[in-house]
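Q: Pulled these features from Swiss-Prot for this protein:
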- Glu174: active site (ACT_SITE)
- His249: active site (ACT_SITE)
- Cys370: active site, nucleophile (ACT_SITE)
- 19-28, Asn110, 137-138, Arg213, Asp251, Asn364: substrate binding site (BINDING)
Amino acid sequence: MNAKEANFDGLVGPTHNYAGLSFGNVASLSNEKSDANPKAAAKQGLRKMKQLADLGFAQGVLPPQERPSLRLLRELGFSGKDADVIAKAAKQAPEMLAAASSASAMWTANAATVSPSADTSDGRVHFTPANLCSKLHRAIEHESTRRTLAAIFADEARFAVHDALPGTPALGDEGAANHTRFCSEYGAPGVEFFVYGRAEYRRGPEPTRFPARQTFEASRAVAQRHGLREEATIYAQQSPDVIDAGVFHNDVIAVGNRDTLFCHERAFVDKQAVYDALTASLGALGARLNVIEVPERAVSVADAVGSYLFNSQLLTREDGRQLLVVPQECRENANVSAYLDALAAGNGPIRDVRVFDLRESMKNGGGPACLRLRVVLNDAERAAVKPNVWIGDALFASLDAWIDKHYRDRLSPADLADPALLEESRTALDELTQILGLGSLYDFQR
C-alpha cells in the first residue's frame, strides 16, 4: 500500500528557557542560566517545518504542553491560588519551578515510539508515549503526550495510542530518539531497530560518567506491545563511552531512513554484529542495507556532539535520493563541514544537505531530529489524522502571527517566578487549540 513518512514537529512553548536540567546533555549544562528567546525559538522551528513542507514532505505540528505545570507543583506540596503556588515554589524550591516550567516537550523525538501498520500484528499504527522517567522535567510529559496523540490520531480502527510504560528505572524509555525503522518502501513491512544504553537484568557494559536513559527491557516491552515480528525486530546497545561523551540518546550518534544507516563508527557495542543482524533481517524482506559509517579520523565523537551532525533528519525526496537536514552548527565546525561536502559530492544515497538555524533549541541540546516525531502513514491513515495539524501556507501564517502575539523575546530563569507567564501561556494555548482544531486539550480548559 502507498505510504509516506510524515514528520510531526513540536512547537516550542512560551516558557522555553535554559535551566540546565539535563545531566548528560552537554549543551543543556553549558548554557545553564543564560537568557532564552522563546519567540525566536518557536519561529526557528516553525520555519524548518514550513521549508520542509514546501519541499514536498508531509509535515505536521504537535502543540506545546501547559507550563508551568501547576499539577506537579501542587503534588509537591505547594498550595493556594495559582500565583501563590508559583511564588512559594520560586522561593522554597526554584529548581522544582524550573522543572515544572521546562518546554522540553518540544523535542517530540522523545514523545513516543511509533510503529506503522505494515509492521504491527493488528494492522494499526501504534504509539507508546515515552515515560522519560530519568528526568523529572520530562517524566511529567507522557500523560499530556498521550492525550495529544489521541486527539490527533483519534480513529481507533486505524491508530492505537497506549499509555506509557511504568515509570521505573528498569523500564526507562526515551521514545523514538532510540528507535528507527528500515524498509525498502515506507508502505512495505520493515525492520524496527531499538537502541538501548543498559540492561536492568543482563550483565553488560555501562557508562560511568553519565546515565544510560534507555533500557533493553523498555525497548523489548514497546516491541511486544506493538505486536512486532520477532524476526524483524533488532536490538543494539549504544557504546557506553559515547554516552559518557555526551551522546545521551542514539539520535546524537546515528540516524536511519529506509535502507540507509548513517552513523559514527563508535556508535554501537559490537558494531559488526549489529550491521550483520540488520543486513540479514532487511535482506529477508528483499532489501539491502546501506551503512554510511563516519570514521573517528574524519569526525570525532566530540565534533559530532558539538555540531549535532547525526541529530539530523534523513529524508527521501521524490526522486528517491536522500536529503540530510542539519543544524547550522555543522557548518561552523571545519571537520564536519568538510565531511558533509564530501558526502554530498559522493556516489552514496545522500546527495543533498540543507542547513537550518535552530540555535535556540541547539543551546538546550536539541537539533533537527530531536524536534520531530516520524509517523509512517498510508493514504487512508493520513486522511484520518486531524486535518488542521498539517503545515501549509495558511497554518504557517496563523502560527507565525500567534507566536508574534503571545511569545516573549527574552526569558531568564528569574522570569519563571512571574505569575503573568502562566496566564500568558494559558491564553496562548487556548487560542492554539482553536487554530489546530483539537478541542479542550489542556487541564485548564476542562
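Heads up, residue numbers simply count up from 1 along the chain you see.
Using N, Cα and C of the backbone, Cβ positions are placed for all residues, glycine too.
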Q: By a 10 A CB contact count over all chains shown, which of the recorded positions listed here is most packed: Ala19, Leu21, Asn110, Arg138, His249?
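A: Of the recorded positions Ala19, Leu21, Asn110, Arg138, His249, the highest Cβ count within 10 Å belongs to Asn110.
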Q: CB neighbours of Asp251 (substrate binding site) within 10 A?
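A: Excluding its own Cβ, Asp251 (substrate binding site) sees 29 Cβ atoms within 10 Å.
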Q: Within the chain of Glu174 (active site), which residues six or more apart in sequence place their C-beta under 8 angstroms from its C-beta?
A: Asn110, Ala130, Leu132, Ser134, Arg213, Gln214, His249
Q: Could you state the whole-number distance in Å separating the C-alpha atoms of Leu21 (substrate binding site) and the residue listed as 'active site, nucleophile'?
A: 16
Q: Round to the nearest Å and give the CA-to-CA distance linking Arg138 (substrate binding site) with Cys370 (active site, nucleophile).
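A: Cα of Arg138 (substrate binding site) to Cα of Cys370 (active site, nucleophile) measures 14 Å after rounding.
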Q: How long is the line from the C-alpha of Cys370 (active site, nucleophile) to the C-alpha of Asp251 (substrate binding site), rounded to the nearest angstrom?
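A: The Cα atom of Cys370 (active site, nucleophile) is 8 Å away from the Cα atom of Asp251 (substrate binding site).
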